[in-house]
Every structure is written in structure tokens, then in C-alpha cells.
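Trainee: A single structure is presented below for examination.
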């Protein structure tokens, strides 16, 4: 095929420009052939047959084969791209299927975690509900015991006989526990089998006569002294003052545990002990150091001291005990009191230290009410450790102070001056400080750090939310803003 040239033998201007610029797919004479092809193409009317024209077009467009070959890789890439997209879709579908099979056990594990959390939450709620009920029951029983003693003293003043009579009721502790065992346990045990199982608190051999005398005697004496001194203090002081002073036993337990058991030293508990001692001095000062007031404070502090010694020795020799073992031990104390301490009220009666006219003249209603509430208090203290948190039992004990104060105000038996009120508040604050756990400082630091982390996470979430909002607004306005943060 000859290329048309200009009259001077030079190719057309268009060919020269294409040659100089290096146009891809250039073919000499392309522009001339293009012009001839355009000239040779005839337009056909719709519906007319133009075979010659189609053949001419096909023949004259043959020089474009190079450009068609150059565009072939593009088509190949497009076809590969489409097949690649299809392949990616298939792979994604396969992956989604695999992820479905993998996420199924993950979903089940998440459901198990949710169920476990729900169970833990329900257990915590149940413990809190039981704790609230036990707090009210413990404080009410202790307030009732104290107030009944005050009522009994109006007609009958025999504190040791009252102590001995109420301690004998401890024998019923284990039968009450066994009745609860029969009502709640799935596998019932015979009374003797349960008794032998719970007697392991005394050792592997169970309860023997030697252990009965060796382990029970000191604790029975301390139990009797605690209650007897408490009743003596109620004769000299009001129920509010005695219950507040008795709360100092927590401070004495810490001091004895630190000295005897070598427990961990805690500064906050030393502060609580100092506050308890300060409250004791202020309570004695409230009545201008009157003789009866000082004696009453001494009795109350002595009762708190013997109670603390009882708890420390119990922890030293017997360790920790479950509910059944505690019921067995308290019932054993009742038996020891009935067998070996019954001679003491008889001696006091014949020596006319504690004397009454006849047994029919005794206020049996008040005596049985006092002994019954005392037994309920001891049972609730031991049951509460099983059903709820032990700290709630102590809170129930300290709530007996405002309970007795309310009753004393209603009976108009006490006049609260500034010193007595301040002493009561200081002792109660010291008691509450004693309830702090040993790792309270670490727990407080962890709680503060968790609060800081939550605040930082919330701040970061706010920043991301604001950046997303800015991006959405900028896209709506047609611009894109990139946040610096």
C-alpha cells in the first residue's frame, strides 16, 4: 500500500506530527488512509441493504488491526479483573462460611459467659438481700436482749443467774442446726453421724472427755465472764453507752491478734484502736467521772476485752469453723455450763449475794425472752457468715448502738450531751475502720486507676465520635477534613 505524499515528496503534516510525537500504534499513511476510509464510507438508509459498503469498511479498516492488538491486553486485563473479582467473591463466601463455623463455638462460649455473669450477679444480689435481712435481725435481737435486761432489773437483779440461765439455752444450738440440715440437705444424715462429723473441730479423734475439759473449760469461762460483765455494766450505765463501749472489742481483737497471733500491722487499725480508747475516756468523762459511771465503763470495757480474748484464743487453738462445727461447739459450751457451773448460782443464793423469794416469783417471761433473743443473736452471727458477707454481721452489731439510743430516747432514760454523743460517734467510727480489709489501700488504688482509665476511654470515644461527625459533615459538603488527633 502506497502512502500518499505531498507534491514536494514529503508526507502530510498529520503524518509528520504523529511521527514526531511518537503516537502509540502509529502506521505510516494512517491519516491518509483514515481520510480515504471516511470518504469511502457511505451512509445507508434504514432498512436498505448495503453489502458492498460493509465489505469496504471492513477492508479499509484493516490498518487498525495494530491498534486493536494493542488494546487486546487491556481487554485481557479487564477479563482477568472480572474473573479475579469473582474469585475474590467466592473466596469471601468460603471464608464467611468458615467464619460461620468458627463463630458458632464463639457464640456458644459468649452465651456461657453471659450465663455465668448472670448467675454471679444473682448470687451477689441474693447475698446482699440476705445480708440486709441478717443486719436487721442481728441489730434487733441485740437491742431486744439489752432492753429486756433493763426491764428485768426493775424487779429482779441477779446478773449471774441470768447469765447462767441464758447460757444453758446454747444447748439448743445444735438441734436447731440439725433441723435446718434435715429441711435443706438432699442427703440426710443421722444425728449421731452428723454429731461426729461436726466434732472434728476438736481434732481427728472427735470429742473426748479430755478434750471436753481441756478445750471447753477456758472458752466457757470466757463466755460466762463476757455476758456477766455486760449485765453488770447495764446496771450502772444506759443501754446506749454499754452497747457503744462493747463495740470496742474489735479494737481489742486487733491488738491481741497483733501481739499474740503476729497478724499484719495496719496503721488504720491502730488509729481505730486509739479512737476506741478515746471514746472510752470521753464516755467516763460524760458524767464528770462519777463513781457509778467509772465502774460501769470498767465493766463494759472488761466485757469487750474478754470477748476479744475469746475470739483470739478460738482462732489460735481451733482455727476457722463452719456452721455445723460452730453449732456443735456452742452446744458443748452449754453442756459444760449446765454441768460444771451450776454450783455457782447455788453458792450465790445461799450466801445471799443473789437471792429470790421463790421460783414462782421469778420473771420467767423476761428471762426466757432474754435467753431466746441471745440464742437467736448467736445463731444469726454464725448463719450470717455462711449466707452473706461477714462484714455485714459486724455492721449489724454496730447498728445496735443507734437502735438502743432510739429506744432510750423513747423511754426518756438518757439525756445526750455533747460529750456522750461525741464519744459514741468516735467509737462507732473506730469500729467501722476496723472492718477495712488488709489490702484496703491496694483496693483503693486499683479503684482510682480504673476510674481514670474509664475517663480516658470515654474521652477517646468522644474524640472519635466528634471526628466521625466532622467527616460526615465534610463529605456532605463535598470536602474531606482529616483530623489531627
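Positions of Cβ are set from backbone N, Cα and C atoms, glycine also.
Automated prediction, rather than curation, is the source of TrEMBL annotations.
Pasting the feature list from TrEMBL:
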- 41-63: region 'Disordered' (REGION)
- 50-63: compositional bias 'Polar residues' (COMPBIAS)
- 78-109: region 'Disordered' (REGION)
- 88-98: compositional bias 'Basic and acidic residues' (COMPBIAS)
- 99-109: compositional bias 'Polar residues' (COMPBIAS)
- 124-144: transmembrane segment (TRANSMEM)
- 130-284: domain 'EamA' (DOMAIN)
- 156-178: transmembrane segment (TRANSMEM)
- 212-230: transmembrane segment (TRANSMEM)
- 242-261: transmembrane segment (TRANSMEM)
- 267-286: transmembrane segment (TRANSMEM)
- 293-314: transmembrane segment (TRANSMEM)
- 326-350: transmembrane segment (TRANSMEM)
- 362-381: transmembrane segment (TRANSMEM)
- 387-407: transmembrane segment (TRANSMEM)
- 414-436: transmembrane segment (TRANSMEM)
Trainee: Are there residues at least six beyond either end of the transmembrane segment (242-261) with Cβ under 8 Å to its Cβ atoms? List them, or say none.
Mentor: 142-143, 146, 230, 233-234, 269, 272-273, 275-277, 279-280, 283, 296-297, 300-301, 303-305, 307-309, 311-312, 315-316, 394, 397-398, 400-401, 404, 423-424, 427-428, 430-431, 434-435
Trainee: State the residues, same chain only, that lie 6 or more residues beyond the ends of the transmembrane segment (293-314) and have a CB under 8 A from a CB inside it; answer 'none' if no residue qualifies.
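Mentor: For the transmembrane segment (293-314), the sequence-distant neighbours (Cβ-Cβ under 8 Å, at least 6 residues beyond its ends) are 218-219, 222-223, 225-227, 229-230, 232-233, 235-237, 241-242, 245-250, 252-253, 255-257, 260-261, 280, 283-284, 286-287.
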Trainee: Which stretch, 124-144, 212-230, 387-407, 414-436, tops the Cβ pairs under 8 Å count with the transmembrane segment (326-350)?
Mentor: 212-230
Trainee: The transmembrane segment (362-381) vs the transmembrane segment (156-178): three or more C-beta pairs under 8 Å (separation of 6 or more)?
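Mentor: Judged by the Cβ rule, the two regions touch, with the required three close pairs present.
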Trainee: Determine which recorded stretch among 124-144, 156-178, 212-230, 267-286, 387-407 has the most C-beta pairs below 8 angstroms with the transmembrane segment (414-436).
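Mentor: If we count Cβ pairs closer than 8 Å to the transmembrane segment (414-436), 267-286 scores highest.
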Trainee: For the domain 'EamA' (130-284), provide the mean pLDDT of the predicted model.
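Mentor: Summing pLDDT over the domain 'EamA' (130-284) and dividing by its length gives 88.
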